[in-house]
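Student: According to TrEMBL:
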type     : residues : note
REGION   : 1-53     : region 'Disordered'
TRANSMEM : 70-91    : transmembrane segment
DOMAIN   : 76-156   : domain 'Potassium channel'
TRANSMEM : 103-122  : transmembrane segment
TRANSMEM : 128-148  : transmembrane segment
TRANSMEM : 189-210  : transmembrane segment
DOMAIN   : 197-270  : domain 'Potassium channel'
TRANSMEM : 245-266  : transmembrane segment
């Protein structure tokens with residue numbers, strides 16, 4: 001165990017052998033980055049061969065395959081809307097309410113059902129249409145949940161860069177510095193971007209209902225709030241042909257942004273809590289009890305690696321079970337029991 005800890009400590013404070021380096025200033029400790037993973041996401045390794053990061057690429061491809069692509073989700077949404085329009089177009093005579101155009105009303109009804117707004121201006125009358133509406137609301141909510149995550153990320157990330165640049169027009173250092181600053185405050189800028197888009201959607205919807213649907217200003221704002229929160233009281237809604245064309249696009253956009261607004265609000269709150277915890281952990285005074293808890297190998301001394309692991313455990317970034325599993329894997333790979341891993345160890349471990 002001591003040999004293992006010493007090897008971990010060396011990985012933090014020593015430079016790799018046979019590498020020319022400038023002499024460090026007196027009294028300064030030397031820390032090196034892990035060569036396999038650059039600390040800065042904007043850095044591009046120049047001396048890395050394709051074979052060295054094959055495993056990283058495979059991991060990315062694995063998660064890419066697990067998560068549905070935006071194109072696939074968009075295709076599912078298109079098929080859902082197409083099938084819904086055809087079905088409710090055929091059964092439109094069994095749906096009561098104010099009509100404008102048969103095809104437009106069918107699409108409008110599917111959108112209102114899918115987003116669970118449910119104004120009540122178009123209502124199924126027969127048992128058949130009621131069962132179809134039940135099927136479409138559950139299927140639509142599943143599809144819209146996938147579409148929300150994909151579409152909102154696409155919309156927000158496009159606007160996030162423009163929003164950040166407008167706030168920091170005088171920032172020097174080029175795109176690399178901008179990307180680093182964005183990554184540091186990513187959740188905050190996403191929240192600001194969604195909030196700005198939400199205001200735009202609310203204002204545009206209110207003005208449209210006021211000018212086109214001829215509702216009062218208060219009723220227009222009331223209808224907008226009932227729509228984006230999916231309350232859908234039904235006393236105020238889009239009743240004209242132009243209004244329903246606008247509603248088809250506006251309802252999807254507004255409900256997506258509302259969902260993402262509260263998601264980013266929760267993430268921003270969690271991030272602030274984590275930063276407060278990190279600040280407390282880094283600034284609090286170390287006691288003898290902390291040293292005893294950080295002493296993994298029981299030699300009454302705490303090395304650099306042990307101290308870092310203890311701080312990570314305090315921050316909740318890693319658990320004791322994870323540390324134990326990592327050490328078990330290390331011991332399994334360390335075939336010659338030298339306390340270090342080499343290519344020879346990996347070859348023996350793989351063959352065995």
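Cβ coordinates are placed from backbone N, Cα and C, and glycine is handled just like the others.
Tell me what's around each of these sites.
Tutor: Counting only same-chain residues 6+ beyond the ends of the transmembrane segment (70-91), those with a CB under 8 A from a CB of the stretch are 102-103, 106-107, 109-111, 113-114, 126, 128-129, 132, 136, 139-140, 143-144, 146-147, 150-151, 154.
In the predicted model, the domain 'Potassium channel' (76-156) has a mean pLDDT of 86.
Packing against the transmembrane segment (128-148) from elsewhere in the chain are residues 68, 73-74, 76-77, 80, 84, 87-88, 91, 94-95, 110, 113-116, 252, 255-256, 259-260: each is 6 or more residues past its ends and has a CB under 8 Å from a CB in it.
Beyond the ends of the transmembrane segment (245-266), by six or more residues, the same chain brings 104, 107-108, 111-112, 115, 117, 144, 147-148, 151-152, 155-156, 187, 190-191, 194-195, 197-198, 201-202, 204-205, 208, 212, 224, 227-230, 238 to within a C-beta distance below 8 angstroms of the stretch.
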Student: Six or more residues beyond either end and a Cβ under 8 Å away: which residues meet both conditions relative to the transmembrane segment (103-122)?
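Tutor: Sequence-distant neighbours of the transmembrane segment (103-122): 80-81, 84-86, 88-89, 92, 95-97, 133, 136-137, 140-141, 143-144, 227, 230, 232-234, 237-239, 241, 244-245, 247-248, 251-252, 255.
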Student: Per DSSP, how many helix, strand and coil residues does the domain 'Potassium channel' (76-156) have?
Tutor: 61 helix, 6 strand, 14 coil
